[in-house]
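TrEMBL annotations:
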COMPBIAS  77-93  compositional bias 'Polar residues'
REGION    77-102  region 'Disordered'
REPEAT    485-518  repeat 'TPR'
COMPBIAS  523-536  compositional bias 'Basic and acidic residues'
REGION    523-561  region 'Disordered'
COMPBIAS  538-561  compositional bias 'Acidic residues'
Amino acid sequence: MEAARESMAALLDAGLFASAQTLGSFLVSSSGASNDAGMSMKAESLVLHGDALYGEKEFRRALNAYKQAMQCSRSIPRQATSNIRSSVSATGRSPSPNSSNLLPFNENEVKFKIALCHSALCEHREALQEMEGIPSKVRTLKMNLMLGKLYRISRNSRSAVVCYKECLRHCPYVFEAITALAEMGLSAKEFSLLFSQAPNRGGKLPSDSLDAQRWWNWYVEAQCCIASHDYKGGLDIYLELMQRFPNNVHILLEIAKVEAIIGRNDEAIMNFEKARLIDPNIMTYMDEYAILLKTKFDYIKLNKLVHDMLHIDPARPETCVALAAMWERKDERKALTYAEKSLRVDDRHITGYIMKGNLHLSLNRPDMAVTDFRGAQELRADLRSYQGLVRAYLALAKCKDALFTAREAMKVMHQSAKALKLVGDVHAISSSGREKARKFYESAIRLEPGFLGAALALADLHVAEGRNREAVTLLERYVRQWADDSVNIKLAQVYAATNMLNDALFHYQCALRINPQNEAAKKGLERLEKQMKGVDPDAPEEDEDNEADDIDADQDDAELL
């Protein structure tokens, strides 16, 4: 069966896993010799069969094949194994990235493959046990990266740092290790030391090495800034990198993601669109882009984006989150099923937790939303998870927990207007805390004059305390400076509440000119038109309309089923 084993190795190298799997079933069931050489060949055949099953994503079967291979190998006496290995190594066969060529049985490589199967099945504890059985001296770059991820999942940060550092000593361009170490608090100076310890490959010229280290340092510094919530500092460095590497899709996406986190939605949308123009098949962070389009009520672009993502890769967690964003307007429960599916695909997908938490809030399930936002924070705390937690705690009337979370956000994100506004939101809940809320909102506006969220919150506070004139003055100042639909809507609502209906009509129309898809503006205008006709906008609809709604609801249920 030697020729068949060589053919199977060739099939695996060519990526023809289905054919390799079928051939493997013949190899592992062959009634070969029962001596030590025969057992060794069977162990190697089982590994090859496991590689084919892994390539077909049959992880449980692959795991079983690898474990059988280990049992066969261990049943052979050590002296006999060394004799067999020396005879096999004399053939001069070369290694393959998939370990598919015919090599002497390597127990550490098989342990690594067993760990990969456990990890693919989300059995992280079992994967970690296998990886820890591989001596540190023989761990490859892939092994150290895998072990670092597993340590991080098990919250053993100290061991994870050691593994990620080892990756960068081997190759400074392992960007997954850079991001992980930055999030775990490694300083830019410590990164530079690791770069200097990396081998100089290919005998590069000093000038070339200096240029590489310069932009590498910029990238590392940007990652450190963002990990420490210095979003402005990180953005500034990324913009410098864009000057050095124009049309770099990775940097464009990183810039857009940070802009989305801090609420610069228009700039984020523009950068996501630039990235898609350069690479229309990009999937990274496209769920973030989908959520932004939903907030802008741009459902035409959102539908086009989701259609493209389904065509590129329907199984990615980003596709599931984008589908959740698309369905949220029509059917929040169906949207929730897609958010949950994204986490079944990848249980460490942060955007999936954020989307799921917001949907649970919309469905009036704040207790479940708390679990979702905490899940996001355990992976990486950012402004959105803090905002979600505060909203969930306030919905549960847990004001102390909400205030503690908001203050924690303010401590973590130094000089952040968004964090100041979050503390103000908690104080604004009670009439006794409104004065404190006003001070936090005003501080946020002084820190970031263009922060519309704080201005809108302060206007709401003025209205709640009967200071409609102050609310109008504030909002009119922002309307003159920023062409934003949300400010026009808020101003229209204040005018409508004070019975200045013509002014309210003007600003609703302004909002719709800025964003024709804005649902809040459409509903507000519809309500205002009823007021102007002397009809109570809160009066229930006629019976016929209600019956029609019931029919529509039945149709929706049928579609969902």
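Note that Cβ sites are derived from N, Cα and C of the backbone, with glycine treated the same way.
Tertiary neighbourhood of the repeat 'TPR' (485-518): same-chain residues 296-300, 452, 455-456, 459-460, 463, 468, 471-472, 475-476, 478-479, 524-525, 527-528, 531-532, selected by CB-CB distance under 8 Å and a gap of 6+ residues from either end. Mean per-residue pLDDT, taken over the repeat 'TPR' (485-518), amounts to 88. Under DSSP, residues within the repeat 'TPR' (485-518) fall into helix, strand and coil as 27 helix, 0 strand, 7 coil. Per-class residue totals from DSSP over the compositional bias 'Basic and acidic residues' (523-536), listed helix then strand then coil: 10 helix, 0 strand, 4 coil.
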